[in-house]
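**Q** Quick one: the structure is below, and I'll ask about it shortly.
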Amino acid sequence: MGSVAEGSETGDQVLGMAFALLTSVPPVFGLYTSFFPVLIYTLLGTGRHLSTGTFAVLSLMTGSAVERLVPEPLGGNLSGIEREQLDAQRVGVAAALAFGSGALMLGMFALQLGVLSTFLSEPVVKALTSGAALHVLVSQLPSLLGLPLPRQIGCFALFKTLAAVLTALPRSSPAELTISALSLALLVPVKELNVRFRDKLPTPIPGEIVMVLLASVLCFTSSLDTRYNVQIVGLLPGGFPQPHLPSMAELPRILADLLPIALVTFAVSASLASIYADKYRYSIDSNQELFAHGVSNLISSLFSCFPNSATLATTSLLVDAGGNTQLAGLFSCIVVLSVLLWLGPFFYYLPKAVLACINISSMRQMFFQMQEIPQLWRISRMDFAVWMVTWVAVVILSVDLGLAIGVVFSMVTVVCRTQRVQCLALGLAEGTELYRPLRESRKLLKVPGLCILRYPSPLYFGTRGQFRRTLEWHLGLGEGGEEAPKMDGPPDRVAEPVRVVVLDCSGITFADAAGAREVVQLASRCRDAGIHLLLAQCNASVLGTLTEAGLLDRVTPEQLFVSVQDAAAHALQRLEPTGPKTCTVWV
């Protein structure tokens, strides 16, 4: 029942028409995009709770590309035929974007690049959608106020739009401003009621559908379109367009837009699917998600659809309504089909200002993501920085540039985190066989002359310098194997001269050629300094890399151990082959 309720009552068809305005194409193409992609994903997708179709962020990105390639003529005074020709060109560009991004995702599927979803971290995705929601809000202000302003695109578009709106504010339409205020006064409280009483309501209140019906009846009975020049949706063509291949001549002009659109489609869809899969304990296949969305965009482009993906708002409504299968998508398709075949004329008098209000109210969940910022600051300052850098870049520059900056900055933070890792000196927990960092416990046992170190990070070209410096400091090695000068450092440094060192490699998940050569050089320097080096808990991949780098030319197989305990026992025998194992208690 939840699937039926969500599919029939959340108003996907209304959101489709609303997001078509963001895409700069006629509203009916939003209905097409709410039908074909949903039907295809229902058959191919792995996310049981995922609702697909039009998505505000993708519509905004697509609309920016459409406006850049097919701009509105200055003045905007077009005849009916000229308007049809302009709309046809814009639809062609939007369909070409769907075709190209779908083909790109299928290529990524062929290369099994579903793992790329791991590089789009949660702070990047949430900051991207929150920043894009602000773009959506500002871009809808002209429609809310009845101002016929050209759409701003590119960097600083948000501020250009705000400046244009403030300049033209005295010319705003009182009728459309009133319609917008009344629409938001209904939609926003209904959204809050649906969230606050989700457990008590049998199904969410279909605020969008109620608002559309009321506004259409009011506009028809009061002749608002003729008396006050209120912009309306107009005639929605019945049926479906003839399938045809999008113009390939557009592809060279949209190449720069394809990758950001494909990445946002996959990132949002994969992250949403993962969230609900973890919550309801089932698994998804990221590569199958690539395939499903690739096929969805590719085939739907043949029917003049624009790029589509999973949607935050309708997915949340699906879950709140109790839907747990893709049957909701099928029922949604039935509703959209009925609008396309029979109910289209009822939307003729729907004011476009109402669609703009629906766009804004659907951004509620994206805006509320900003409430997580204080918690993110407390949990991880680095993730907080990623969130803020991505959000600021999206807001100030553009969605696609913000995505690129966010991903690059996120990668940089990963490298920075590995750069800050230090070797940890370990001691034996009394009465156990466990070795723990000396700095983390108040009472551990340590053998004079024995140093047990753990390096808890991958060893690659970016960390080799830090690895060398921290080991030199712990072992007292300078250039040429001589004692290093004294320096400030962590309180777990070994005070006595080191005779045997055990390097716990369990934290080294991988090593590249530069890192492997650093270990080989360490073995040489330890041998020259009279320090016996033992390696413990190397995984097979790391050990293979070290062997290829020449490690066994510096150490013998007897210096490699499966566990730290075995290596420590061997070290004790070497230090005190006949006497008792005396230990010093560190407090």
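Here the Cβ of each residue, glycine as well, is placed from N, Cα and C on the backbone.
TrEMBL: automatically predicted annotations, no manual curation.
Per TrEMBL, the features are:
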DOMAIN    440-571  domain 'STAS'
TRANSMEM  18-44  transmembrane segment
TRANSMEM  91-115  transmembrane segment
TRANSMEM  258-278  transmembrane segment
TRANSMEM  290-309  transmembrane segment
TRANSMEM  329-350  transmembrane segment
TRANSMEM  384-412  transmembrane segment
**Q** Suppose I define contact as three or more CB-CB distances under 8 A, residues 6 or more apart in sequence; do the transmembrane segment (290-309) and the transmembrane segment (384-412) meet it?
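**A** In this chain the transmembrane segment (290-309) does not contact the transmembrane segment (384-412) - fewer than 3 Cβ pairs sit under 8 Å.
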**Q** Between the transmembrane segment (91-115) and the transmembrane segment (329-350), are there three or more CB pairs that fall under 8 A, provided the residues in each pair are separated by 6 or more in sequence?
**A** no
**Q** Can you tell me how the residues of the domain 'STAS' (440-571) break down into helix, strand and coil by DSSP?
**A** 55 helix, 24 strand, 53 coil
**Q** So which of 18-44, 91-115, 384-412 is most in touch with the transmembrane segment (258-278), counting Cβ pairs under 8 Å?
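**A** Stretch with the highest Cβ contact count: 91-115.
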**Q** Honestly, do the transmembrane segment (91-115) and the transmembrane segment (18-44) touch, with at least three Cβ pairs under 8 Å and pairs 6 or more apart in sequence?
**A** yes
**Q** What same-chain residues lie close to the transmembrane segment (18-44): Cβ under 8 Å, and 6 or more beyond its ends?
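**A** For the transmembrane segment (18-44), the nonlocal Cβ contacts are 12, 50-56, 59-60, 62-63, 66-67, 87, 90-91, 94, 136, 139-140, 143, 151, 233, 236-237, 240-241, 288, 291-293, 295-297, 299-300, 303-306, 308, 326, 329-330, 332-333, 336-337, 339-340, 344, 347, 352, 355-356, 358-359, 362.
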